[in-house]
Each structure stands twice: as C-alpha cells, then as structure tokens.
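**Student:** Okay, handing you the structure first.
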C-alpha cells in the first residue's frame with residue numbers, strides 16, 4: 001500500500017486500489033445506498049417546493065439551490081464511484097484523464113455550491129430573526145436572491161479549475177508524490193481554511209438566532225412572516241414556553257452537530273497533513289466520505305422540523 005503522502009495522488013478520491021475486494025464491495029454498496037437515498041430526497045424537496053406555492057419562499061429557494069447541487073454528487077458522481085469500486089484496478093476507464101476530470105468536476109461543483117447554500121440559508125434566517133422586517137425585505141428581493149444563487153454557482157465554476165490536485169487525483173500508474181511537491185498540500189490547506197471559515201459564519205448565524213429567540217420571545221412574535229415555519233425549530237407567533245425554547249435549542253444544536261460531523265474531519269485531516277504529517281489513507285477516505293454523505297442528508301436537515309413540508313408531502 002502506498003504511504004499516506006502519496007495516497008492522494010495514486011488512488012481515486014475515496015477508494016484504495018490495494019484494499020481487499022470485500023472492502024471495495026462494501027464501499028460500492030455504501031455509495032449505492034447514499035446515491036439512491038440522496039437522489040430521492042433531493043428530488044422530493046425540489047418537487048414539493050415547485051409544486052406548492054406556500055413553500056416558494058426565499059429560504060426554500062436557497063434550499064432548492066443546495067438540493068440541485070447535491071444531485072450533482074448523489075445522482076451523477078456517487079453512482080460512478082459505486083460502479084468503479086467493482087471494476088479491476090487496471091481498467092482502461094480509470095486511467096482516462098478526461099474521465100477523472102469529469103468525475104472531479106461533478107464532485108467539486110456539487111460540494112462547493114452545497115456548502116455555499118448552507119451559508120446562504122443560515123444568513124437568510126439570521127437576518128429574518130435578528131433584523132427589522134424592512135431590512136429583510138430590502139435585502140431579499142427576488143433579484144437579489146437570484147444574484148446570490150448565481151454567485152454560488154459562479155464561485156464554484158471558478159474554483160473547480162483552480163483545484164485540479166484536489167478534485168482530480170491521479171491514477172495508480174502515476175509515480176508517488178514527492179515530498180518537495182507541495183501543490184496538493186496547499187490545495188488541501190485552501191480547502192480546510194475555506195470550510196473552516198464557512199463553518200464559523202454558519203455557527204455564528206444559528207447561535208445568534210438561538211440567543212434572540214430565547215432572550216426575546218416578543219421580538220419573534222411580532223414578525224408576521226410565514227417563513228418562520230421553515231426554520232429547523234419551532235418559532236411560531238405564540239411566545240415559546242421554557243420547554244419549547246429548550247426544544248428549539250436542541251434542534252439547532254442537532255443541525256449544527258450533523259454539519260460539523262460531516263465537514264470538520266476533512267478540515268482537521270487536511271490541516272494535520274499540512275502542518276505535521278499526512279493522516280493514514282483510511283482516515284483521509286473516511287473524512288471525504290463523511291463530507292460527501294452530507295449531500296444525501298441535507299434535505300432532511302432542513303425539512304424534518306417543517307410542518308409545511310410534512311403537510312405538502314402528505
């Protein structure tokens with residue numbers, strides 16, 4: 001098995017060619033399950049939003065944007081990984097640089113827009129709860145919302161070609177990566193810092209919402225916005241009692257914990273590889289798998305507490 005420093009350049013993103021056939025079959029089945037469940041859940045959310053007028057809100061526009069990006073991972077990239085895990089390592093398809101570039105582009109585009117959509121949803125809800133209604137209405141006009149969604153895709157299209165070492169690792173026939181070649185290490189550092197900054201902003205928004213809801217129930221009750229029902233916790237007009245406020249905090253904490261579990265392992269594995277020594281290949285693969293699994297979980301994270309979505313699904 002290649003050492004950890006050469007793993008990122010000598011294997012696919014999440015499969016180790018030197019692993020046993022049993023391990024590779026297990027990973028292929030895992031990809032298949034994530035691909036099917038993620039595709040169905042993302043398509044369902046998109047269908048419900050476009051079919052029911054009550055769900056056509058600004059916050060849900062950002063959620064649909066994230067679901068469309070997640071389909072790039074669940075419906076297009078994951079099925080290919082599931083099939084590739086069953087092919088022999090010397091398959092001609094795996095050695096094609098164009099095919100590796102396509103797979104890497106699908107993954108990079110989907111993950112970048114998905115992470116940006118997480119932040120757009122959080123900031124939208126933060127402005128809705130903590131700012132005046134006039135500020136929210138001025139900021140989230142239809143034109144401004146469309147520009148935010150367009151910028152998330154433009155940013156992804158700009159970043160994907162700049163990160164070839166991350167999204168399109170080399171084949172098994174390439175020589176091991178030299179220690180003096182730090183391009184992939186700096187690429188991983190760039191990714192880690194970007195995700196870390198995005199996570200900090202997201203946590204700031206949601207924790208700010210929790211503080212405002214818990215500290216001023218009256219402030220929430222005067223906001224006569226139906227979008228409040230799209231929050232991942234109850235924030236209906238009646239002032240929440242102590243038990244309701246505690247449930248609100250638990251719901252937000254659960255959402256943040258799932259997001260942190262999916263993103264932070266890759267961040268710290270990347271930082272560890274840059275400043276100290278590369279993490280074991282299996283740990284690198286597991287951190288990538290957790291990040292990609294968010295694409296299948298995102299629709300549930302944003303709709304499981306919404307009565308409007310449950311009613312539309314029924």
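Using the three backbone atoms N, Cα and C, a Cβ is placed for every residue, glycine included.
Just so you know, TrEMBL annotations never went through curation; they're auto-generated.
Given the structure is predicted, the values throughout are model-derived calculations rather than measurements.
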**Student:** Quick test of your reading of TrEMBL: among 62-80, 81-99, where does it put transmembrane segment?
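**Tutor:** TrEMBL lists transmembrane segment for residues 62-80.
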**Student:** Going along the chain, which residues at least six beyond the ends of the transmembrane segment (250-276) come within the CB cut-off of under 8 Å?
**Tutor:** 4, 115, 118, 185-186, 188-189, 191-192, 195-196, 199, 202-203, 206-207, 209-210, 232-234, 283-284, 286-288, 290-291, 293-294, 297, 301, 305
